[in-house]
Amino acid sequence: MQAPVVFMNASQERTTGRQAQISNITAAKAVADVIRTCLGPKAMLKMLLDPMGGLVLTNDGHAILREIDVAHPAAKSMLELSRTQDEEVGDGTTTVIILAGEILAQCAPYLIEKNIHPVIIIQALKKALTDALEVIKQVSKPVDVENDAAMKKLIQASIGTKYVIHWSEKMCELALDAVKTVRKDLGQTVEGEPNFEIDIKRYVRVEKIPGGDVLDSRVLKGVLLNKDVVHPKMSRHIENPRVVLLDCPLEYKKGESQTNIEIEKEEDWNRILQIEEEQVQLMCEQILAVRPTLVITEKGVSDLAQHYLLKGGCSVLRRVKKSDNNRIARVTGATIVNRVEDLKESDVGTNCGLFKVEMIGDEYFSFLDNCKEPKACTIMLRGGSKDILNEIDRNLQDAMAVARNVMLSPSLSPGGGATEMAVSVKLAEKAKQLEGIQQWPYQAVADAMECIPRTLIQNAGGDPIRLLSQLRAKHAQGNFTTGIDGDKGKIVDMVSYGIWEPEVIKQQSVKTAIESACLLLRVDDIVSGVRKQE
């Protein structure tokens, strides 16, 4: 008898077959259970200490998972889910994780006890996905993007589950205002639908300033910089400034390579210094030729240049971030110039109404405000402490993402678990028409969809068993808009209760959840390399 050949490294752990699948499903469930209490308006907060000793207080699914350190590969893939959801649509991160975990949990018995091949389960899940998206489409309704009241209600539904609910009115205004500001009309698409570009990441800047009250926050029709003018004598208040944006240093240009100069006479030395000064003077004269009243550069400004520009009646800001400079260009209509020699009259921005420097707390901030038709903006957030501001910032990002999604595809689904319940009831009906073993995993998706309304009831402290059967009965009669009031844990009609969510978010969360479940079911071998213990 030949000795067994060991080809795997002994220090590696390896799980195969059923064992691997069970371990994956357990890990996915564990992640889902951590997040489960963070769904709905009565959500709990999680308090996390990151390795640096910083504190994170949040109930945003994505923010929590980002901070948790996970070892299991399946759990890591769950974290990726919430990230995808966050980048794609910005909201619904918690829903995705709970759904994916629940679908896997519902499929587990068929996989382990009934020994159904994973591929058959996956086929059924894919079929369920197509049908589920169909149902979501049926229960959704179009929305008028220009109707501010309706839009605010919508954003409120997204914010309602977050920490900022105390100031939800204010936050809705901020988010809607900001998104409307950066909305850029690109004409019409091929199908003749309106086409917008809304880039929140690049053109909406959130400046968090501790102190003051949250209600003091506002959207600036312009840009706010944490800078002061470079010279104390420069004007700190300019109405209708003429803005010049530069991407070059205003100091003496040194050659790229090293140069040696031999000096014979003493006057030559003075001449060299003079040339340096003349060069700086020439640069400043070229700038002042277009009569600017505000010069902003991404690089440094030498003392001499400050002196000349001050004499020319010009305020200067230096070392501004590239991203900020782009925003200033969008709001003032100026063009960023890389060489002073190339400055033209058309590069000067005149759309800004007011430049002023204010002291907030103990720092100076420069405002470029009251711009005409700005295509970028800054949200100035005030609040008690840094932790509160960070949480408000996260929630505001979600709210803006919601507003953006609706503008890009104006269609709404009922919230409060109503959409999920409708999908669940419809899938359960269809499962009865399927033949063979496929109907079990198909039914599993239907059962899994119920976990969203169930979790909402549990988080609000209601009785899940009684309420769920009532809800199921309502949906079976065709009331698709019936869902859970997450505050009181009662059954309400979403039309009168007024909680609607963008259809994109619902579709994306179902897609992501089912596809990730399929992915994890396909795995039948996990090899984790263990580092050699020192």
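Heads up, residue numbers simply count up from 1 along the chain you see.
For all residues, glycine too, the Cβ spot is worked out from N, Cα and C.
With a 10 A radius on its CB, CYS377 (disulfide bond) counts 26 other CB atoms from all the protein chains. Swiss-Prot lists CYS371-CYS377 with the feature disulfide bond.
According to Swiss-Prot, the N-acetylmethionine annotation covers MET1, on the basis of a large-scale study or a structure entry.
Look at Swiss-Prot and you will find SER257 tagged as phosphoserine. Around the Cβ of SER257 (phosphoserine), 5 further Cβ atoms fall within 10 Å across all displayed protein chains.
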Whole-number answer please: how many Å between the C-alpha atoms of CYS377 (disulfide bond) and SER257 (phosphoserine)? 42
For the C-alpha pair, I'd like the distance in angstrom between SER257 (phosphoserine) and CYS371 (disulfide bond), rounded off. 44
For CYS371 (disulfide bond), which residues of its chain lie six or more apart in sequence with Cβ-Cβ distance below 8 Å? LYS221, GLY222, VAL331, THR332, ASN351, CYS352, GLY353
